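In what follows, a single structure is set out as structure tokens and then discussed.
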Amino acid sequence: MAAPAHRPTTHQPRRLSEAAAFLGVAAPAEDPELTGIAQDSRRAQPGDLYVARPGEFAHGAQFADKARANGAVAALTDEAGQEDCVRAGLPTLVVGDPRQLLGTISAWVYGDPADALTLLGITGTNGKTTTSYLVDAALRAAGNGTGLIGTIETRIGDDVEVSARTTPEAPDLHALFAVMRERGVTAATMEVSSHALTLGRVDGVRFDVAGFTNLSQDHLEIHGDMESYYAAKASLFGKDRAQLGVVNVDDAAGALLAAEAEIEIVTVSPSGDPAANWRASDVALEPTGVAFDVHGPDDTRLRVSLGIPGEFNVANGLVAVAMLHAVGIDGAAIVRGLATATVPGRMERIQAGQAFTAIVDYAHTPDAIERVLATVRPLTEGRVIAVVGCGGDRDQSKRPLMGAAAANGADVAVITDDNPRSEDPAAIRAAAIAGAKGRAEVVEIGGRREAIGWALDTARQGDTVVVLGKGHELGQEIAGIVHPFDDRQVVLEQLRRMEERS
Ligand SMILES: CC(=O)N[C@H]1[C@@H](OP(=O)(O)OP(=O)(O)OC[C@H]2O[C@@H](n3ccc(=O)[nH]c3=O)[C@H](O)[C@@H]2O)O[C@H](CO)[C@@H](O)[C@@H]1O[C@H](C)C(=O)N[C@@H](C)C(=O)N[C@H](CCC(=O)O)C(=O)O
Ligand SMILES: Nc1ncnc2c1ncn2[C@@H]1O[C@H](COP(=O)(O)OP(=O)(O)OP(=O)(O)O)[C@@H](O)[C@H]1O
Ligand SMILES: N[C@H](CCC[C@H](N)C(=O)O)C(=O)O
Ligand SMILES: [Mg+2]
């Protein structure tokens, strides 16, 4: 269950009549004071304006009575929702498309709190969470009170809670900014998912700097094709969305974006393309991390060390460095911050005295699986054993590609379940196995615990077991129920059992 919605306490409340004037619509006779805003009845709080909008499954107006019971004092809806909101006893404003106004009105209710923060946003298929942790660590090293919003957790200064989404809906987002503002946060870093860009979750936000890591196949269930997926990501680099962009031009979509974006773009090249503004060189890949030289504008030269292995993390690190430089963080703080950053469930080694390496990672796209396996291969004397599953109710066309990436990169590919959600797990596995043609022996084991157990039992001295796809996740969603499940814990327990047996 998501944590209760944040609400600032020191902002100037608004009146419903002011909201009507702001939106240019008729004001009802009743004119309550508005202290907050919600688009989900379950998260509504006393004094809220409830925005009742149509969605994929329902119209929010169906829940207007629940929003009122939770304390909402007024509604903003469309014509279709008007009757239900009025019947629920809420003075109601009617607009053409409430979803489209959600960001603007949320920012307005809290007095544009994002304006008080230095805001850094990161998009891309893979690497958003990792890059955001690197950026946040360096902002803190430079003495900032920071906020962090993303897949794993939401942080306001030292307060941390588990996130429900990568990018929250606009009312929650602006409330978070407002709480950050009143708690003295000066810089906030956030992941901007393609869902968020498509669904207007960051409307009303203008980033000081936006970063782009890469684009590869994912989420075609919402975007339809790669062109639309690219367009969603690229929209973060529009004039009203960001002041400056930092783009990885080693990535083909990044190169396109750098060429066509309407805002100023700073380019980064992890492979060291001399034409890029920021370049990496002298990369040292270690089992526990990666180090590289950074060459930037004005003869900037830094030696950066990350405690997260993987050549792909050079790209994340370089994007982070250029974003930090863009908001005025000095090189020493950048180096200090990046050296201390850790990201839960990303290339995380699990150790219980075993004679082989065990790693939990969040790779859940074909590209990420390929890169992670390419990272562990040269660090492994023996076999690479990969445990992989594909999520249900998500892009179906990535499943055979994930199977192929596992079969090409590993010696043994154990195809298992990863959040089947509403789908038949066996059918999902079959789709992955259909593509799993390559060097690896392919083994199908449905239950994830059994699959992990088998992989660890099979491993011998010098092998590496990589358990992919869930990283930091704490549950396995099967048929609408989230069962507690933590890959890191499951691996550790199994390793300890093996230790006891030996
Ligand atoms: C595409 C999407 O994000 N859909 C989310 C959305 O659905 P929806 O807008 O169509 O809403 P709906 O369920 O039809 O309901 C309509 C309206 O009624 C409201 N409502 C609904 C039920 C209720 O009891 N009370 C209530 O007020 C809803 O808040 C909404 O305003 O609102 C639903 C409930 O409010 C969410 O469960 C649902 O999340 C989906 C399932 C989800 O999980 N989205 C994921 C994929 C997502 O957003 N992921 C991205 C990217 C991840 C990545 O980085 O790869 C993310 O940013 O996290
Ligand atoms: N720059 C990168 N290029 C390719 N793969 C990467 C990169 N960075 C990380 N990965 C892989 O992708 C996985 C997810 O990384 P991370 O959580 O940082 O990405 P994300 O974009 O936040 O993902 P999500 O959209 O699911 O939140 C990592 O565990 C790793 O396997
Ligand atoms: N943000 C991604 C995470 C996927 C993680 C994987 N465990 C899965 O369930 O597919 C999504 O919601 O599609
Ligand atoms: Mg993420």
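Counting starts with 1 at the first residue shown.
Each Cβ is built from the backbone N, Cα and C atoms, and glycine gets one as well.
Of the residues proposed, ARG383, ARG394, ARG497, ARG501, the one TrEMBL records at the same meso-2,6-diaminopimelate site as ASP418, ASN419, PRO420, ARG421, GLY469, GLU473 is ARG394.
Residues GLY124, THR125, ASN126, GLY127, LYS128, THR129, THR130 make up the record's ATP site, and a Cβ search at 8 Å around their centroid adds ILE122, THR131, GLU191, THR213, ASN214, ASN316 from the same chain. Across the range of the domain 'Mur ligase C-terminal' (345-471), the DSSP-based residue counts are 48 helix, 30 strand, 49 coil. In this structure, LYS233 (N6-carboxylysine) is part of a helix by DSSP. Here the candidates are the binding-site residues THR125, GLY127, LYS128, THR129, PRO420, and by Cα distance the one nearest LYS233 (N6-carboxylysine) turns out to be THR125.
Distance noted between the C-alpha atoms of THR129 (ATP binding site) and ARG421 (meso-2,6-diaminopimelate binding site) is 23 Å. ASN419 (meso-2,6-diaminopimelate binding site) sits 19 Å from ASN126 (ATP binding site), taking the CA atoms of both as reference points. THR125 (ATP binding site) falls within neither a helix nor a strand when secondary structure is assigned with DSSP, and so counts as coil. Of all the binding-site residues listed (LYS128, ARG421), LYS128 sits in the most crowded Cβ setting, with the most other Cβ atoms within 10 Å.
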